[in-house]
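These features come from TrEMBL:
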- 35-54: transmembrane segment (TRANSMEM)
- 60-77: transmembrane segment (TRANSMEM)
- 98-116: transmembrane segment (TRANSMEM)
- 128-148: transmembrane segment (TRANSMEM)
- 135-249: domain 'CAAX prenyl protease 2/Lysostaphin resistance protein A-like' (DOMAIN)
- 169-186: transmembrane segment (TRANSMEM)
- 206-229: transmembrane segment (TRANSMEM)
- 236-258: transmembrane segment (TRANSMEM)
Amino acid sequence: MLSLFRTPAVAGTTAAAASPLRRLWLRSEGSRRQAMDIVAVIATLLAINLTAHFTPLSTAAATVPVGVVALLAYAKLRGMTWGDLGLSKDNARKGVRWGSGAAIVVLTAVGIALAIPTTRGFFFNESYANVRHAVLAALIIIPLQTVLPEELAFRGILHGSLTRLGGTKLAFIAGSMLFGLWHIASSLNLSATNAGLTSVLGTGSFAQWVGVGLAVVATSAAGAGLTWLRHHTGSVWAPVGLHWALNAVGALAAALAWQML
């Protein structure tokens, strides 16, 4: 009689013990999948960056955009929602408002810096000495080849992946650092093409790598600001507005600086 009453209790205890273990296993399995997704995203971004700067495809304007579109398709296949990617319709209007406001702040700051002779020298970028080219870059090339792909990649796909795994803190720290490292290749000639930096750093390998280091620090800091906008608004369109202003207004300011000589 006693054994008949004890058997169900043992079975119930075993089931109760197994339930937390199963939940723990499922949670760890989910974390492993999310970590693998992050590794895949970072590896793909590295491949895109190297392809865009050190292969024959470096002359193809579509290299980065096509790579990011493929990465976006991968993210959707792995179960990321439009909200995870910062592309939810619910937050789009708020993102546009904040992005527009950030762009106005940048425009004002650049205008002030351009008006001061001591800071105007840092706008003398030979890449934008031609006004027509600067306008084309600001309105077409920069938005389509740089801003939209990078924001979709970093504040969209990578931000969503990092947040799912480790929360906001991981997204801020890792996302900002990786965004800074992304700019190593594109800043290799920074000290040579920017007259203001050349006058301060000089020329040669040392100046080149100091310029790269400054670019990484600056873009990491910018990445933190862009990530804050993404987190605050829940929309990728807010950092798109700021990112466009930082690049495009800078290009237009460079052209204007050359005209003011």
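Indices start at 1 and increase along the chain as displayed.
Just so you know, glycine gets a Cβ as well, placed from its N, Cα and C.
TrEMBL labels come from automatic prediction, so no person has curated them.
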Note to self: So, taking each listed stretch (60-77, 98-116, 128-148, 169-186, 236-258) in turn and counting its Cβ pairs to the transmembrane segment (35-54) that are under 8 angstroms, which one gives the highest count?
What the structure shows: 60-77
Check: How do the residues of the domain 'CAAX prenyl protease 2/Lysostaphin resistance protein A-like' (135-249) split into helix, strand and coil according to DSSP?
Finding: 104 helix, 1 strand, 10 coil
Checklist line | Positions on the same chain near the transmembrane segment (236-258), where near means CB under 8 A and six or more residues out | finding: 85-87, 92, 94-96, 98-103, 106-107, 110-111, 113-114, 120, 123-125, 127-131, 133-135, 137-139, 142-143, 146-148, 150-152, 155-156, 222, 225-227, 229-230
Next item on the list: Would you report the average pLDDT that the model assigns to the domain 'CAAX prenyl protease 2/Lysostaphin resistance protein A-like' (135-249)?
Entry: 91
